[in-house]
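Reviewing the structure listed below.
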Amino acid sequence: MASWIRLHALIVFLFGWSLSAMAQARDTKYIVGSDINGVTRELAVDRYPALYTGDFGDCLGGQSLFNITKFDAAYYADNLTIVFHLDGTSSIEHENLMMRISVDAYGSNRFDMIFDPCKLNIWSLCPLINSVPVTGWAAIAVGPQQVGGIPPIAFEIPDLEGSMTVQIFANSSESEIGCFQAVMRNGHTFSHPKVIAPVLGVFTLVAIIASFATAAYGVSITHMRMHFAHSLSVLAVVENFQAIFFSGALSLNWPSVCVAWWSNFAWSAGMIHSHDLIQSINSFSSVTGNASQVGNASSAVINTGGGLVFQIYGRSMIEETKETAENILKRNDFNSSDPYDYTWSGSPMKPGMPAPGTWPGFAGTLSPLGIPASDAFLFGLIWLMVGVGCVASAISALKLSLEGLARMKLIKEDCLAVFRRHWIRYLVSALLRTLIMALFMITTLSTFQLASGGSTGMTAIAAVVFALILIGLVFFVARACRARTRHGRFEVKPDQVVLYHEKSSRLIPSIVVAWASTLNDQELEVTTILTIPISRIRHVNDDLNRETIHQDQDYVKAFGWFSARYRLTRWWFLAYYVLYLVVRAAFIGGGVNHPVAQVFGLLGLDILSFGAILTLNPFEGTRNTVFAVWMLGTCKVLTTGLSIAFLPAFNLDRMITTAIGVVIVVVQGLLVVGLMILVVLGAISSWMSLARNREDFAPECLETVRVRYFEKVELKAQEAYRPSSPPKSDKGKGRDEEESPQPSYEPSFSVMSFRREPKIEDEDEDEDSVHELEPTLPAGALDGPAGRALNRASRTNSVSSRYSVSSLPRAARIHRASWSSKDFAQYAAGLERPDSALTQRASSPYGVAGFSVDRASTPVRPQSSCHSLRTPTGTLPSNPFGTPSREILARYAEERRFTSPQPPIPDFEE
């Protein structure tokens with residue numbers, strides 16, 4: 001019974017809702033109208049117009065004798081009608097008026113009309129009396145000749161660059177007593193900060209999580225750094241968004257399309273709108289004004305209108321005014337309670353904003369956000385402190401959460417053990433990286449505040465913050481450099497920068513930049529294009545056997561935030577980049593009063609920096625190189641170069657500047673799309689890194705990709721990686737083989753005897769565990785439960801376990817683990833021969849796959865040479881901590897086949 005009652009109630013509700021919807025549909029009002037082509041159709045009253053106004057302001061600089069709270073105007077192309085609505089008050093006791101409406105788009109006047117408000121039944125302006133509020137509403141029918149100057153593209157192009165102006169003149173003094181201007185819109189825009197900003201924020205968060213996960217997961221500091229270096233740099237991601245937004249900080253007259261596009265990236269610079277915060281900062285930065293209205297009703301008449309007054313009151317305009325009045329559609333007083341009139345409307349411009357319809361410099365870039373330029377520095381500083389607090393809270397919360405989950409046995413005791421033990425170091429590194437990400441933003445805003453002036457308190461704070469940020473980061477960077485270079489000396493030697501050809505594929509030749517000394521050391525013969533003599537500063541360590549910077553665990557723990565992402569020879573690159581960011585910010589913020597020097601200086605700096613970073617090639621990861629070096633550098637140069645067209649000295653047509661602005665939007669849009677793709681790829685590679693100790697990896701189709709990725713990561717860490725050349729066609733193959741002689745390999749050992757093992761085991765249950773991809777931590781590195789848990793053996797599915805160097809199948813393993821006196825005698829005899837392979841293995845400073853060798857322990861049974869790190873040629877592999885690639889294994893197997901005597905094939909049958 002209860003179910004039937006609920007069903008009956010649901011039916012009644014749905015029936016009532018449908019009746020309500022039908023009533024609303026029937027209440028929709030329609031009119032009949034004809035467009036410029038003579039097409040007549042039925043039109044809804046509450047439709048959106050083709051062009052309509054947005055925010056409005058006082059175009060007399062706040063000296064209008066009105067206080068206007070509402071100014072809306074629109075053009076309906078489907079019935080050739082102009083509508084405007086004006087609400088406000090005035091202090092003028094009694095005055096007869098004349099009014100003028102004009103529409104400007106892309107630097108040209110597109111529509112102009114002069115009329116008497118009395119002809120429109122605007123009784124509150126006929127005459128103007130201070131005791132009667134101004135409530136003017138009118139609908140004016142226009143002809144094709146009057147609106148012929150408005151091009152059809154104006155109705156479709158995103159972010160129409162135009163404005164509508166209403167001017168009010170007093171008949172008694174023939175002077176202009178009011179002027180109000182509103183920005184024009186057509187409903188199409190590139191500005192969608194409520195949609196685009198959250199999407200970009202999610203991608204940034206994914207990059208942060210992927211980067212942090214690779215830095216926190218693992219047991220070996222050096223191996224963790226190696227995988228972290230190949231995650232996408234969060235610094236490059238944030239700098240990309242900031243570089244796009246601060247493109248609008250140059251002192252140029254920007255097209256509206258650029259300003260709308262840049263509003264989607266304002267969040268990355270701390271420009272997040274908050275009405276309460278703006279009100280609080282305005283009182284400190286001396287920004288005054290009424291945000292609910294525009295105008296100044298207490299002012300005196302200050303503008304006589306010039307030649308425009310003669311046009312309005314001259315005899316030549318009397319007849320034209322009468323003819324215009326005949327085309328006016330009279331209407332009853334505006335009913336503000338009618339919800340069907342329109343839903344679009346603008347708001348009064350906030351104090352400190354530029355005139356509506358104009359976007360000059362940084363103030364114009366901030367105008368869509370509702371943030372005055374004088375408040376920008378303090379606004380960004382406050383949000384920066386909020387961001388730093390969020391980072392510190394997130395790291396601390398993760399530490400507490402992991403400890404709590406470990407105590408409740410919900411996670412393993414060794415989960416993120418390195419992070420849990422050294423979380424304070426992680427916290428400091430995260431805060432320093434955050435400050436480096438914010439360096440360009442806070443330096444640009446502080447120098448802009450210092451150059452543009454403002455209140456004394458705001459300027460003082462900008463100077464103090466700029467000094468603290470700069471001195472603090474310089475100190476930490478210098479400390480990181482000194483920690484590595486204090487044991488050694490610097491030397492200056494002449495060298496050459498060589499540009500040479502290198503074919504990266506069959507069709508695309510590339511130009512590579514390298515030092516001549518590096519090419520000579522590696523004995524590489526290249527086709528030189530250009531050589532540039534230059535002096536090179538190098539640091540020489542006093543200890544030649546000192547560990548490389550990426551193998552120095554103490555340095556990585558303390559200064560991994562500084563050097564972890566960069567190549568062995570470019571570990572200091574962040575010091576150069578910090579200097580570059582400060583100089584670039586000084587050009588943008590400090591050159592606000594000198595636009596020519598600002599733009600050309602910035603262009604020169606970006607070109608030089610792009611060439612320098614391209615030459616240095618600092619990143620260890622390929623994705624970081626592609627994005628931070630090539631894509632971001634190219635975008636900066638193109639954006640700054642195209643921005644030269646907006647200099648006031650060139651005075652280009654606004655249609656041309658809009659076209660150039662669209663090109664800038666396309667370039668930056670492609671950069672953002674490429675970044676989003678790289679973030680996804682970086683997340684996938686980070687997942688592979690996190691699953692490096694798992695035997696099974698899903699999806700299985702990426703298993704081969706994961707193995708190649710691990711091989712590349714290990715080789716990149718030693719700067720031994722070279723992109724594999726494409727397979728050559730059969731044509732010309734014989735000539736290449738003749739021109740490229742095969743290298744000869746000399747055997748480093750010989751097989752003196754062969755002894756068959758007593759038995760082969762065909763089962764896998766008791767097989768030995770394979771080597772880990774990562775080396776173990778040194779003794780005492782971890783204490784407590786987490787450290788004890790790390791001693792458990794784990795099976796890996798990495799390169800080391802996927803490809804075995806043994807010629808026996810997995811089931812064919814040595815089963816005897818005991819020793820006899822004969823075995824000890826053979827072991828001792830082998831050690832007495834200095835040239836034996838056993839002696840070489842025992843005396844090698846490397847362990848097996850990167851594990852340390854304890855000579856004081858009980859000697860183990862000698863195994864086959866497949867467990868030795870020494871190759872058949874007697875050399876050590878390039879990476880003692882990783883597994884050789886498949887190509888290297890195949891080559892060594894081929895060498896053993898030709899250099900070792902072939903034993904008789906044993907009979908495994910019982």
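Yeah, the Cβs are placed from backbone N, Cα and C, and that goes for glycine too.
According to TrEMBL, the feature compositional bias 'Low complexity' maps to 741-750. As annotated by TrEMBL, compositional bias 'Acidic residues' applies to 760-769. Look at TrEMBL and you will find 860-882 tagged as compositional bias 'Polar residues'. The feature compositional bias 'Basic and acidic residues' is assigned by TrEMBL to 888-898. Taken from TrEMBL, the feature compositional bias 'Pro residues' applies to 901-910. The domain 'ML-like' annotation in TrEMBL covers 49-191. What TrEMBL records for 720-802, 849-910 is region 'Disordered'. The signal peptide annotation in TrEMBL covers 1-25. The feature transmembrane segment is assigned by TrEMBL to 195-220, 232-254, 376-402, 423-445, 457-478, 571-590, 596-616, 628-650, 656-684.
Among 376-402, 457-478, 596-616, 628-650, 628-650 has the largest number of CB pairs under 8 A with the transmembrane segment (656-684). Remote same-chain partners of the transmembrane segment (423-445), defined as residues 6 or more beyond its termini with a Cβ less than 8 Å from a stretch Cβ, comprise 212, 215-216, 234-235, 238-239, 242-243, 246, 249, 268-270, 376-377, 380-381, 384, 387-388, 391-392, 395-396, 398-399, 462, 465-466, 469-470, 472-473, 476, 557-558, 560-561, 574, 578, 581-582, 584-586, 588-589. Summarised by DSSP class, the composition of the domain 'ML-like' (49-191) is 8 helix, 79 strand, 56 coil. Contact counts against the transmembrane segment (571-590), taken as Cβ pairs under 8 Å, peak for 596-616 among the stretches 232-254, 376-402, 596-616, 628-650.
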